[in-house]
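Novice: These came from Swiss-Prot, pasted as-is:
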ACT_SITE  Ser133  active site, phosphoserine intermediate
BINDING   Asp83, Asp402, His403  Zn(2+) 2 binding site
BINDING   Asp83, His196, Ser198, Glu356  Mg(2+) binding site
BINDING   Asp361, His365, His479  Zn(2+) 1 binding site
LIPID     Ser524  GPI-anchor amidated serine
SIGNAL    1-39  signal peptide
Amino acid sequence: MSTWWLVVVAAAAAAGLVRAEDRYHPERLAAGEASAATRSAAESEASFWVREAQEAIERREREGAGAKQAAGHAKNVVMFLGDGMSVPTLAAARTLLGQRRGQTGEEASLHFEQFPTLGLAKTYCVNAQVPDSSCTATAYLCGVKANQGTLGVTAAVPRHDCEASTDVTKRVQSIAEWALADGRDVGIVTTTRITHASPAGTFAKVANRNWENDNDVKQEGHDVNRCPDIAHQLIKMAPGNKFKVIFGGGRREFLPTTQVDEEGTRGLRTDGRNLIEEWQNDKESQKVSYKYLWNRQELLKLGSSPPDYLLGLFEGSHLQYHLEGDESTEPTLAELTDVAIRVLSRNERGFFLFVEGGRIDHAHHDNYAHLALDETIEMDRAVKVATDALKEDESLVVVTADHTHVMSFNGYSPRGTDVLGTVRSLDSNRMPFMVLSYTNGPGARIQQNGVRPDVTTDANFGALRWRTHTDVPLDSETHGGDDVTVFAWGVHHWMFSGLYEQTHVPHRMAWAACMGPGRHVCVSAATVPTAALLSLLLAAFITLRHQCFL
């Protein structure tokens, strides 16, 4: 792949045009690696990943035949995504939760940790050992592995390659699209910008996750008519324009540079369009009930009869961290989840809801361990809202992560040691070290003569934005390459045990819900042979591609 786009991006950076949040996810792959690192040509095809997932489902069907016959199918599917929610994050978050309750902490459990089934998913991208949130979103929402930095396309599309992404045979559909095709309703909820990688995986087809508004696309020299930005795709194109609930941040991606939002954040669009108004006009023309929301008070005033369509953009960029947010304007993830379920539950056929605790990831990137753990606890509260609201015998709730981080939970401290404090011993140089530390990130301190500084003497030691001990200095802490947990509750939860590719997750959800083009629990495994089913499945994928982009 050519390096022309690197020159464009470098020039944009010099001019101060690159979005500030790029520091969380710097592009670390060298030019050309987006395609050259592909392990095999087959992995660039959607059929490779679809076949692998469907064959695994067939094996699981045989293993769980009795449970399959007894449970029926899931009418409602809710997927919770803890962005960057690694196993050490879970262990530390549950310990913090217990210590907040006056316990020693280790014995506590998050609500979703009590789900009956636990599995593990492998998170690598086709071209990367350690993934980002866009190739993983394509995996756990579309069932196909992709290149780092791309969304809703196969690995045949290198990052930044606008032209390749316009090929309909290289686009893939998400479980949200499968739900819509089955007559169910769809909602997406996140604490990040709604155009960010994870939520965008439900609807966007882009060669670069950073193309959140039209100016992002233009900066790389591309035609927005050929490669529409993510905000445009959400508001003006299927499937996004059919979503009943859209809750998150990112007003700036929808507003022109000539306009500021309700809290003074200036828009980033250079096409002069106000996509929030366009969304309202579209709903008005359809003669459906709708409402645009920008703060918590408006959300809470909806009451028991919210309108059919809701667009809630609660910040100019990402929502504030829970511990730092303004309660008058900032809704909690639990509140957003509650409203979303109430709206979507009115569809008798059921719904698919995607909920992301997205700022776990951002806190880890900044080495803010306390904030990362609190964001995890906040997502857990949202999960409890969902399981309290839904019937276990007609719903499936899956809680997972897209990737991990490099925070470790270490030392040999006694039971009940403050999880946010120091280990009850010193290092070989008689210096204290933290229970939670990071392999890399911006929290690294300069060592004098090979001796670590005493971090407990920092002026802001223990503050929310105090950076815990870090080894390797980087502007942004990196993701990890280890497996992520998959917790399942409800109808056919047993399908999610074991170790499998992350691409299995949407196929298994669709199987349990009897929707989408793959194998379904509603169809006997003996009725449709795998080879015949795969032919039908691929034909359905192609049909959906064309329907989605007409």
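The backbone N, Cα and C atoms fix where each Cβ goes, and this holds for glycine too.
The structure displayed is predicted, hence computed values, not measured ones.
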Novice: Near His403 (Zn(2+) 2 binding site), which residues of its own chain have a C-beta under 8 A away, given they sit six or more steps off in sequence?
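Specialist: For His403 (Zn(2+) 2 binding site), the qualifying residues are Asp83, Gly84, Thr123, Val130, Pro131, Asp132, Ser133, Thr136, His479, Gly480, Val484.
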Novice: Between the Cα atoms of Asp402 (Zn(2+) 2 binding site) and Glu356 (Mg(2+) binding site), find the distance and write it as a whole number of Å.
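Specialist: Between the Cα atoms of Asp402 (Zn(2+) 2 binding site) and Glu356 (Mg(2+) binding site), the distance comes to 10 Å.
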Novice: Hey, how far is His365 (Zn(2+) 1 binding site) from Ser198 (Mg(2+) binding site), Cα to Cα, in Å?
Specialist: 16
Novice: Which residues, same chain and not among Asp83, His196, Ser198, Glu356, have a CB within 8 angstroms of the centroid of the CB atoms at the recorded Mg(2+) site?
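Specialist: So the additional residues around the site are Leu81, Ser133, Ala137, Thr190, Thr191, Thr192, Ala197, Pro199, Gly357, Gly358, Asp361, Asp402.
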Novice: Hey, how far is His196 (Mg(2+) binding site) from Asp361 (Zn(2+) 1 binding site), Cα to Cα, in Å?
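Specialist: If we compare the Cα positions of His196 (Mg(2+) binding site) and Asp361 (Zn(2+) 1 binding site), the gap is 12 Å.
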Novice: Excluding Asp361, His365, His479 themselves, which residues in that chain have a Cβ inside 8 Å of the centre of the Cβ atoms defining the Zn(2+) 1 site?
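Specialist: Checked against the 8 Å cutoff, the neighbours are Tyr24, His25, Asp83, Gly84, Ser133, His362, His364, His403, His405, Ser476, Glu477, Thr478.
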Novice: What same-chain residues, at least 6 away in sequence, bring their CB to under 8 Å of the CB of Ser198 (Mg(2+) binding site)?
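Specialist: Residues satisfying the criterion: Leu81, Asp83, Ser133, Ala137, Thr190, Thr192, Glu356, Gly358, Asp402.
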Novice: List the residues of the same chain that sit at least 6 positions away from Asp361 (Zn(2+) 1 binding site) in sequence and have their Cβ under 8 Å from its Cβ, in sequence order, or write 'none'.
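Specialist: Long-range Cβ contacts: Tyr24, Asp83, Gly84, Ser133, His405.
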Novice: If you draw a 10 Å sphere on the Cβ of Ser133 (active site, phosphoserine intermediate), how many other Cβ atoms land inside?
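Specialist: By my count, 28.
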Novice: Which three-state DSSP class does Glu356 (Mg(2+) binding site) fall into?
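Specialist: SS state of Glu356 (Mg(2+) binding site) = strand.
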Novice: Would you count the other C-beta atoms found within 10 angstroms of the C-beta of Asp402 (Zn(2+) 2 binding site) for me?
Specialist: 30
Novice: In the structure shown, with every protein chain counted, which of the binding-site residues His196, His365, His479 has the densest set of Cβ atoms within 10 angstroms of its Cβ?
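Specialist: Compared across His196, His365, His479, the most Cβ atoms within 10 Å surround His196.
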Novice: Going by a 10 angstroms cut-off between Cβ atoms, which of the binding-site residues Asp83, Glu356 has the sparsest surroundings?
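Specialist: Counting other Cβ atoms within 10 Å of each of the binding-site residues Asp83, Glu356, the minimum falls on Asp83.
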